[in-house]
Every structure is written in structure tokens, then in C-alpha cells.
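Data block below; observations after.
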Amino acid sequence: MNQPLALTAAQKAGPAVTTLVLGALLALLVALPLLHLLPPDSALHVSAYTLTLVGKILCYAIVALALDLVWGYAGLLSLGHGLFFALGGYAMGMYLMRQSAGDGLPAFMSFLAWTELPWYWYGTSSFLWCLALVVLVPGLLALVFGFFAFRSRIKGVYFSIMTQALTFAGMLLFFRNETGFGGNNGFTGFSRILGFSITAPGTRAVLFLATVALLAGSLYLGWRLAQSKFGRVLTAVRDAENRLMFCGYDPRGYKLFVWTLSAVLCGLAGALYVPQVGIINPSEMAPTQSIEAAVWVALGGRGTLVGPLLGAGIVNGMKSWFTVAFPEYWLFFLGALFIVVTLFLPKGVFGLLKKGQP
Amino acid sequence: MKASAIPELMLEPILDAGSGRDAVGLGSRAGKQLDVRHGTLLTLEDINVSFDGFKALRELTLYIGVGELRCVIGPNGAGKTTLMDVITGKTRPDSGTAWFGETFDLTHMSEVEIAQAGIGRKFQKPTVFEALSVFENLELALKTDKSVWASLRARLSGEQRDRIDEVLATIRLDGSRQRPAGLLSHGQKQFLEIGMLLVQDPQLLLLDEPVAGMTDAETEFTAELFKSLAGKHSLMVVEHDMGFVGSIADHVTVLHQGHVLAEGSLEQVQADERVIEVYLGR
């Protein structure tokens, strides 16, 4: 019943209104980095703090969208999407660490008295190879995990628990210094990307624009998928998988495709997150991070494409204010928010907006 | 030398009344890969299924011919649903053979492969895709390439639309085509599920209690529908409603404790002493 609400809403409000609102938002997001390029004493100047904060939230919005594809449409609640996000981030971080280190070893390796790079670090001084890793590592992990999980017909809460365990295992692995990814400190202290200073306004602006482009691209991709027969098959997987099998569909392929696509989107979001925020460490793989992503989606509205973006924006916007104003109460507030949404807004904020329409 | 060189030595097919092309083995109405040369669509022989020592099916043997409408009746726990599970690949028999046509060994096929080969199943509890509209439900069930890649680029052709419209008319849901299937009444859901079977165009339809929860008028209409399908398709109907069975069946199989107790016309099985004892309750 909460099938493409975005579509129905668009049909009701008329495509013109939807296009207008989305267009205005897009124009605003494109304007932000350009305003950042203005001299700091200008009245319209956007600070690096604001730009980074919005850029970070946009990365999270991509994760929310990716999670919505698997949870809202195919009914697979993943509590481990933080792992794919972090893996993409680490792949990008490897390149950034090599850039900072120049010809030498990354600082944390010298600290461990290592004399040469571990084998999996070879080639990471190449930007293109790291981009490939950003896609391949989360993608292949999701493919292998999904293949076995879906083949064994694991679903529902068991699937959620396994994804949670997977990200927890990843976190423990990356916490170890011996793993070769900087242990609990992770990667930080980046200086250059593709030869440009990473803190220069121009670099920040380009990274921000790339994030906006990825978000817009993901939204368009999600919209096309939701409109296609593929999207309807996913909804059918969610609602009556047995019926679908007796119609002659093999649900495994459908789940595997959307699951892997979702992981790759998360990896790309992570790769854009790291140079903007300037740090990646194993806490990104903490189970709570992945659960928070599920809260964004639930709050915004499952099975709608715009809803999760709203959810990620609202929760993270509140978080950045709350953690400054009342830092010790944030987690209680987040928990309360989730309970309220589950009890009173089964279709999320987006469902509320839609109800408000005449 | 041509095969037809000595015509007097060749057997002429006898095409008198009552023997169609299928009966004399001159080809079948079935799909390309399905081979039903001998006129038998479904062959089950000596099927045994047990769950934790409980024998759900014992040495069950059953044949269903091309175009036949078969009713399966029996008291609760007789193994009717298990029988359907075996045919659709949901349950693997412990022993025995199950063939669909001459070429498909059902005991070695997955549920999806069996569905694609041409066996459609309607569940006891009507199961439709509730979030999707009636039209979309039929679109998904439509006989077509059902791989991931095909679905990503699928567009309905005019022909396919016509087919869906035709079935919508048959199941009398024209007016509800854009309604979410979850909002349909119980009887309408039953019809939608039957419609989903029809667009799937299977050779064999398995129907588990299709008229449960239907009004008398709906039941009567369903009986007409099934009779019109028989001939083009084979149907196996599990039903408790003896009135309904009487109105459609030319052939009835009685199951009892996982075994075929009697087979024949409804009058024959109703007159059978053993059937009266175990089922008709006298």
C-alpha cells in the first residue's frame, strides 16, 4: 500500500509542482558551493563548516536512499549498511593516505615499524584503482553475502541480525592494528586529492557538487527502478514471495541485484564522505550507525524515494543542533523519535505530508 | 526411400468421434518443450512422503490427461495439499516418480522451474500482491521472460495489454483494474488469483479450494469458468463443496490417508462402499 507514494503524490500534485520543488532544491544545493567560493567577508559567503555539514548529510541521504531500495521495496531490513559505507570510505581513504604520505609509507605504518606496504595496498596510489575499489569491495562483499543468504532463503529478522553481525565483525577486524587500516584511529590527516589541497574552497566545492550529482543520480535511478516492472516485482517479493515463485519468478536474482546495487551506492557515498569530513575510522561500522540509517528511512517513509532523503536530513540536522545544545540527551531523543514514528506515523513524515494535501 | 512409400503398410489413425488428435498421439496442444504425446499430462507413481514418521502420502499413483478437469476430494489430513506441494516442488517425495508430460521430472526441479514449465497453482488462502493494483498483479503473472534483465526493460506490448484486458473481463474485475489488490473483497481476490493463473497460461492448473468464501452466484460462475477452461488446459481442483464438485467434475479422485481410495465419476465414487465409510460419513 505504501508502494510508490512518491509517484502517487506526483500524480496528485501534478508533475509540475514536484519538478518545481525538486528543481528549487537542486538549485539551492548547487548554489551552496558556489557561495562558498565568495570571499569570506562577503555577506553571502557560506562557511566551510556549513558546506561540510550539508555535504555530510547529503552522503547520509544517499545511504538512506540505498537502504530504502532494499528495505522499503524488497522488504529486506539491513542493519549493516554502515559496513558498505565505511568500506567505500576506507577505499577512498587509502588513496588519500598515499597522497599525504608521498613516496613514504602512511604515518600509522611507520609508527608500527612496518617497512613495506601490505599486498592489498598496492596500486592504491592510483586514483582510478581506488575508485574501482570503492565500487568493487562493497559490491563483491554484498554479492557473496547476498548470494548465500538468499540461496538459504534467510529473511526477516534473521537477515537483519546477520547483517548486523557482519558490520560488527567488520568493525572488530578494522579495529586491529594488524589489519593494516590504522586501527581505532583509522585514516585522517589528509592533505591532497588529485594534487589539489583538500581544504581549498575550490576542492570543497567540487566534492560537494559531486555529492549532489551522486544524490540526484541515485534518486533518478531509484525512480526509474520503482517505475519499472522490476520495482513491482520487488514489491511482490516483499508482500508475497511464495506467490511470486509460483508465478515463475526466481526472487533470488531480484534480491541480489537490488542488494548489490544498494551496497555500491553506499560505498560511493562513503567515498565522497571521507574527503569532505576528513576522517574515517571503524566507528562508522558500529552497529548503532547502521541502525540510525534505518531510523532515517522509517522516519522519512519507507517505500517512498523522497521520504528517506527527508528523514536523513531531519535526523542529522537535529543531531548537529542537539549534540551541541544537549549532548547527553541525543540518544534518548533519537530513541523516542523512532518510537513516536513507529507508533503514530507508519508511513513516515512523507506520508504525513501527503495526508496534508487536499 | 521415403517413409510413405508403402502406404498400405502404414497404420491409419482412426479419427472417429471421441478421439481427438491428442488421443491418437498426433501432437499436443501443449507448449513447445512440453511433450504430451501419450495424452497424459501429469504422471505420479508410487509417491511416498512422510513428515517425522507421519505418512502424508502412501504409494500414491495418479494420472491426469491433457485437457482433463479432475476433482480431488477427501477428508481433512488426506494429503490433498501435500499432493499439490509435491507437484509444485515445494515438498520432495521420499520415493516415487513425478513427471509433467514426458520430459519434465518434477522431483528434480525447483518451484520456479516447475512454474515456468507450465504448472500454475492457486493457494487455499487467496494470495495476491496487495500493494499492487489489479492490473499490475496480472502484469506480473503474465507469461513472459521473467529474468531480472527482462524485468528491468520490460514494456507491455499491445498484445499483452489486450490479453490482460481480456482476462480482466473474464474474471469480472474490469472496473477495479487500478484498485490496490489489498482492497478487494475475499471473493474478488479469489478471482484475481484465478486470473493470475490464466495470464500465466499454464498447461496444468492446480486449484486449492477455489470457491471457499464465494457467494452462490460467484461459485456458479466459477464452475462455468472452469468448464470452459477444461480442454484447453488441464485442471486439478481440490474442493470440499460437493455441490461444486458435482457441477464441474467428469472425473473424481478420493484420497484417504495419503492413498487413492477410489477414482471415477462422482456417482461411481459416491456409490463406493469404502468411500461412504471414510468420507461421506455414513
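Glycine residues also receive a Cβ, built from the backbone N, Cα and C atoms like all the rest.
Automatic prediction, not curation, is the source of TrEMBL annotations.
Since we're looking at a predicted model, the values are computed, not measured.
As recorded in TrEMBL:
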type     : residues  : note
TRANSMEM : A:20-39   : transmembrane segment
TRANSMEM : A:46-67   : transmembrane segment
TRANSMEM : A:73-92   : transmembrane segment
TRANSMEM : A:127-150 : transmembrane segment
TRANSMEM : A:157-175 : transmembrane segment
TRANSMEM : A:205-223 : transmembrane segment
TRANSMEM : A:253-274 : transmembrane segment
TRANSMEM : A:294-317 : transmembrane segment
TRANSMEM : A:329-353 : transmembrane segment
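Recorded stretches compared: A:73-92, A:127-150, A:205-223, A:253-274, A:294-317; the one with the most Cβ pairs under 8 Å to the transmembrane segment (A:157-175) is A:73-92. Using the rule of three or more Cβ pairs under 8 Å, pairs at least 6 apart in sequence, the transmembrane segment (A:253-274) is not in contact with the transmembrane segment (A:20-39). Among the stretches A:20-39, A:46-67, A:127-150, A:205-223, A:294-317, the one making the largest number of Cβ pairs under 8 Å with the transmembrane segment (A:73-92) is A:127-150.
The list of residues near the transmembrane segment (A:294-317) in space but at least 6 beyond its ends in sequence, with Cβ under 8 angstroms from a Cβ of it, reads 2-6, 9, 56-57, 60-61, 63-65, 67-68, 71-73, 77-79, 215, 219, 222-223, 226, 235, 334, 337-338, 341-342, 345, 347-351.
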